Amino acid sequence: MNQLLCCALVFLDISIKWTTQETFPPKYLHYDPETSRQLMCDKCPPGTSLKQHCTARRKTVCAPCPSHYYTDRWHTSDECLYCTPVCKELQYVKQECNRTHNRVCECEEGRYLELEFCLKHRSCPPGFGVLHADVTLCEEAFFRFAVPTKFTPNWLSVLVDNLPGTRVNAESVERIKRRHSPQEQTFQLLKLWKHQNKDQDMFKKIFQDIDLCENSVQRHIGHINLTFEQLRTLMESLPGKKVTTEDIEKTLKACKSSEQILKLLSLWRIKNGDQDTLKGLMHALKHLKTYHFPKTVTQSLKKTIRFLHSFTMYRLYQKLFLEMIGSQVQSVKISCL
Ligand SMILES: *[C@@H]1O[C@H](CO)[C@@H](O)[C@H](O)[C@H]1NC(C)=O
Ligand SMILES: *[C@@H]1O[C@H](CO)[C@@H](O)[C@H](O)[C@H]1NC(C)=O
């Protein structure tokens, strides 16, 4: 019994040494058929691939990676990895590929990567509503509205097939399916579709009515002029990840007072992985009661939410969406009514 325990302890001791030991160069265990022994071979360094395992007489043989191939760590693979061949649209090569590093692509100055695209970072641009190279509150409400109550298994494909303009590619559709819940998928798809088609005349024509919606939102909240502290309280009341004080300060500097709330709400949504802004705002309004928040402001926000949930949106949906994607989805019921 004692002996067994002793053995177990020795074994434990060895295994701890094994896992904590930091040998250099790093090693791996290899069975040598010649001597029928387990050998400790050196791993291959970055920039090379394994050519021959070590033997009792010879060290591991590693060969340099060919051009356009790399390895970036110590490893035991007999192949190098192929460097990312091309950067995406609007990206530049930040660092070329060499034997030890993959090619690094980065969005051009003033842009950041979202999904497949380098989107523009913009301070508040002129005009109402459009805040980011993102979706506006109206578009968000509308895109979320366009979610069917019953998901037929191929709903997303039907939508992809019927949306006019540049088609969202199958790869992106698959990614949306993988990453988002069925509830979210329509929103993500429409967002991507809008991004791909926003400069086409067809899209502008379809979305003229969205502009009317933006006008209404602007009428409801454009007059609100909050102090830094008030904006901070509002942002703190939103659930999930918080917009930072720096973001609030920047927004106060870069945006007109009429654009600040919308800009911050949009930042909050992006920060929270496309959470529903209206739901977030409703949550915030409940919590704002405990602060002495200007009543006129909470009322304006409530009116905006009501408007975006309203029959107006339903009409917009009918007019645009059904016209846009045709009879294929006529039978689809909408979620809110
Ligand atoms: C490979 O590129 C990296 C940066 O991408 C650099 O630090 C490194 O020195 C380069 N190696 C060679 C051999 O040029
Ligand atoms: C907003 O309020 C601040 C003071 O709280 C004032 O200085 C500023 O002129 C106001 N802006 C607008 C557009 O009303």
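Cβ from N, Cα, C; glycine included.
Residues annotated as disulfide bond in TrEMBL: Cys65-Cys80 (among others). The Cβ of Cys80 (disulfide bond) lies under 8 Å from the Cβ of Thr48, Ser49, Cys65, Pro66, Tyr69, Tyr70, Thr71, Arg99, each of which sits 6+ residues away along the same chain.
In the three-state DSSP classification, Cys87 (disulfide bond) falls within coil. TrEMBL lists Cys87-Cys105 (among others) with the feature disulfide bond.
Under the heading domain 'TNFR-Cys', TrEMBL lists 64-105. For the domain 'TNFR-Cys' (64-105), the model's average pLDDT works out to 92.
If you look up TrEMBL, you'll see 64-105 marked as repeat 'TNFR-Cys'.
Per TrEMBL, the feature signal peptide maps to 1-21.
Neighbour density around each Cβ, counted as other Cβ atoms within 10 Å, peaks among the disulfide-bonded residues Cys65, Cys87, Cys105 at Cys65.
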